[in-house]
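In TrEMBL this protein carries:
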SIGNAL    1-22  signal peptide
DOMAIN    193-224  domain 'EGF-like'
DOMAIN    235-270  domain 'EGF-like'
DOMAIN    281-316  domain 'EGF-like'
DOMAIN    373-408  domain 'EGF-like'
DOMAIN    419-454  domain 'EGF-like'
DOMAIN    465-500  domain 'EGF-like'
DOMAIN    502-546  domain 'EGF-like'
DOMAIN    557-592  domain 'EGF-like'
DOMAIN    603-638  domain 'EGF-like'
DOMAIN    715-748  domain 'EGF-like'
Amino acid sequence: MYAVVLLVCCSWVALLCPSVQAYENLALKKPAWQSSTEMSYNGAELAVDGLYTDLSWDGGQCAWSVGGQTTAEWGVDLGGVKYIHHVFIQYATDNWVWDEYNGYTGYFLGFSVYISNTTNKEDGVLCFRDTIYTRATIPNPVNITCPYHGRYVIYYNNRTHPPYPEGYSYDVYIELCEVEVYGCPTPGRYGENCSLLCPENCHCDVIDKTCVECVPGYKGHLCYEECGGHTYGLECKQSCGNCSGGVQCDHETGSCPKGCDAGLYGDKCDLECGGHTYGLGCKQSCGNCSGGVQCDHVTGTCPNGCVAGMSGDKCDLECDGHTYGLGCKQSCGNCSGGVQCDHVTGICPNGCVAGMSRDKCDLECGGHTYGLGCKQSCGNCSGGVQCDHVTGICPNGCVAGMSGDKCDLECAGHTYGVECKQSCGNCSGGVQCDHVTGNCPNGCDAGMYGDRCDLECGGHKYGVGCKQSCGNCSSGVQCDHVTGSCPTGCDAGMYGDRCDLECAGHTYGVGCKQSCGNCSGGVQCDHVTGSCPNGCDAGMYGDRCDLECAGHTYGVECKQSCGNCRGGVQCDHVTGNCPNGCDANMYGDRCDLACDSYTYGVECKEVCGNCSNGIPCHHVDGSCPSGCVAGAYGATCKQSCGNCSNGEPCHHVDGSCPSGCVAGAYGVTCKESCGNCSNGDTCNDVDGSCPYGCDVGVYGKTCDKACQSGRYGLSCAKACGQNCQGCNRFNGVCEFGCHPGWTGTFCEKKKVFAMTMKTSRFLLNWWIFNRSSTELFS
């Protein structure tokens with residue numbers, strides 16, 4: 001390292017220091033900062049503006065900080081790492097002579113200059129610190145030789161550790177009128193004109209090229225040696241991160257060539273996994289750690305346990321075994337079907353078993369309820385006690401008027417009272433009396449009265465409550481107490497058992513023996529004359545309503561027109577019904593309705609097929625607008641699908657199977673059965689052909705034809721023996737016999753004749769005769 005040299009080059013002796021003028025001012029008009037600013041016209045940038053002819057605090061050419069401070073700092077950003085030769089400082093004088101009597105000298109004493117690669121002076125090197133000057137000896141301006149490289153030049157002064165030497169001020173200011181930083185603007189160069197190149201990998205002295213320090217990633221006297229031992233960067237002082245496999249990181253940048261160890265990320269593998277991730281490449285997600293904290297960046301384990309409902313080192317397992325909550329230490333209630341409750345809240349997803357309630361199913365039914373969801377109400381238990389929370393049974397029996405294990409059945413069978421042991425009286429309509437008191441809710445049966453309905457009516461009264469008066473009974477006798485009927489008949493002009501009705505039933509006259517006509521509304525005609533008071537019934541007309549409607553009319557006053565009767569015949573005069581049915585596409589008794597949703601055709605006699613989604617077919621042709629249900633096809637969806645593969649439905653129009661036929665079936669609709677394929681193979685599901693030919697005894701494209709006469713075997717490929725009169729189509733055996741002269745299973749052998757004595761003599765004589773004849777004519 002170089003010793004710090006302080007050069008005093010006052011303006012009047014500037015020519016004595018010509019070498020310092022050979023370098024460029026790197027600080028001119030560069031960004032600057034200071035710890036505080038006195039006035040708006042005393043900003044830090046004034047110390048690098050190139051102007052310092054006015055050295056007063058208010059001349060607009062000097063940077064000035066607020067007074068009364070124990071520290072003061074000013075800095076300039078050179079815009080990048082530069083090779084610095086020296087620093088020139090012009091301190092304020094207020095345009096007075098600079099000597100021991102100038103008041104600004106005390107504020108200049110003790111100053112320091114740093115060169116750094118960051119805005120923190122402590123990260124850089126101390127270029128100069130005043131420890132020897134007095135108010136009489138401190139120079140101004142001052143040149144400080146600083147053969148270092150760096151980006152930031154920082155001026156600093158402080159009064160933080162008193163006491164200080166005589167002449168030092170009690171506080172400090174920034175009172176800088178100009179700071180000039182001279183050096184080479186281009187890194188890696190040196191010499192007065194900055195025209196010479198430094199050695200490779202070396203930050204050299206700007207004067208004599210000696211390596212001041214190595215570039216990042218190199219070390220050694222000549223900077224030829226790359227960083228090793230898991231170090232990198234400037235002076236190899238930075239440690240590599242956790243590179244995968246423990247390999248050396250890049251000696252310059254510190255990046256890991258093959259990625260990071262588990263739990264680390266970043267180019268330098270110096271950052272632990274965050275964001276609730278862990279493991280290699282931070283690609284695994286943390287479980288549900290308590291408090292939402294980050295899991296261990298390497299293993300994924302949760303440092304403080306799990307959130308409620310989770311378990312395992314990584315908190316990635318939901319509570320089970322009928323437990324829930326923190327640490328899975330809470331037990332589930334009585335969930336329906338014995339299922340696991342919610343692992344966090346303990347709530348039962350499908351409700352509770354019978355007799356239990358609340359979200360967690362941990363409370364027995366109360367409030368006189370029981371059963372599933374505690375939705376069933378207890379019966380009338382004796383003493384008002386709670387019934388069994390599961391079954392609803394009353395432990396001590398029932399209150400009066402109730403019965404059954406659950407006391408939820410009122411006394412019936414005409415009984416009432418405690419244990420339903422008392423019998424009801426004669427209640428009206430035979431209804432059950434009050435199950436507690438025995439009272440009849442609707443009074444007594446006809447002909448009875450009294451609290452218990454046990455007294456018969458009298459005084460020419462009868463019926464319910466004995467409130468009805470007897471009719472016009474012959475001779476004024478008492479009518480029946482129940483029915484009111486007259487025992488000896490009625491007065492003239494009246495009828496009925498009780499003789500309290502005028503002639504009715506469409507009769508009139510003496511003894512109500514004459515019949516009324518068809519009066520409107522079926523009302524009774526005049527009981528004397530037979531005339532109809534409100535006109536005729538539908539379909540009739542005339543004074544006595546005894547003529548039927550005609551001319552294709554019907555109904556009241558014959559004002560309604562007939563519907564579309566087949567053949568145009570007259571409809572029924574009363575109802576309008578057509579006697580011989582309807583025209584096509586019409587239905588209904590009166591043939592005035594189009595076919596309904598599920599019928600079609602003439603008289604709507606055709607029933608719709610199996611239309612999809614239950615949609616009605618077309619009322620004329622029966623077609624299904626949305627196709628057929630699975631398993632049906634055709635224009636009217638009345639045809640059933642064949643044997644489609646995997647039980648799939650066929651095509652709704654042509655019945656074809658989308659995935660082919662099941663084994664043993666073929667054809668477009670898979671309704672054809674395979675023939676006898678060789679080795680029992682399945683035929684082709686399209687054309688029924690056998691992939692490896694036919695079985696024995698059959699032939700043809702679908703192997704469903706018996707062998708023709710004279711053929712046998714696989715696919716009838718073999719011919720019967722030529723001497724065979726007909727062989728078995730399976731094995732070729734000549735089961736119908738052989739031609740003359742042949743024998744054997746397949747008629748393959750010639751017969752050997754066994755000659756009789758007579759035959760032998762005949763042949764011998766024939767031979768002798770022929771021989772003699774030959775000799776005679778020769």
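Going from the start of the chain as shown, residues are counted 1 onward.
Placed from the backbone N, Cα and C atoms, the Cβ positions cover glycine too.
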Thinking of Cβ pairs under 8 Å, which stretch from 193-224, 281-316, 502-546, 715-748 has the most of them with the domain 'EGF-like' (557-592)?
-> 502-546
Remote residues contacting the domain 'EGF-like' (235-270) - C-beta distance under 8 A, at least 6 residues beyond either end | 213-219, 226-229, 278-282, 296-299
Per the Cβ under 8 Å criterion, with at least 6 residues separating them from its ends, the domain 'EGF-like' (281-316) contacts 259-265, 272-275, 324-328, 342-345
State the non-local partners of the domain 'EGF-like' (419-454) in its own chain: residues 6+ outside its ends, Cβ under 8 Å from one of its Cβ atoms.
-> 400-403, 410-413, 462-466, 480-483
Remote residues contacting the domain 'EGF-like' (603-638) - C-beta distance under 8 A, at least 6 residues beyond either end = 581-582, 584-587, 594-597, 649-655, 669
Would you mind splitting the domain 'EGF-like' (193-224) into helix, strand and coil residue counts from DSSP?
-> 0 helix, 11 strand, 21 coil
Secondary structure content, the domain 'EGF-like' (603-638) (per DSSP, counts of residues) = 3 helix, 6 strand, 27 coil
Take the domain 'EGF-like' (373-408) and count its residues per DSSP category (helix H/G/I, strand E/B, coil), listing them in that order.
-> 5 helix, 6 strand, 25 coil
For the domain 'EGF-like' (557-592), residues assigned helix / strand / coil by DSSP = 5 helix, 7 strand, 24 coil
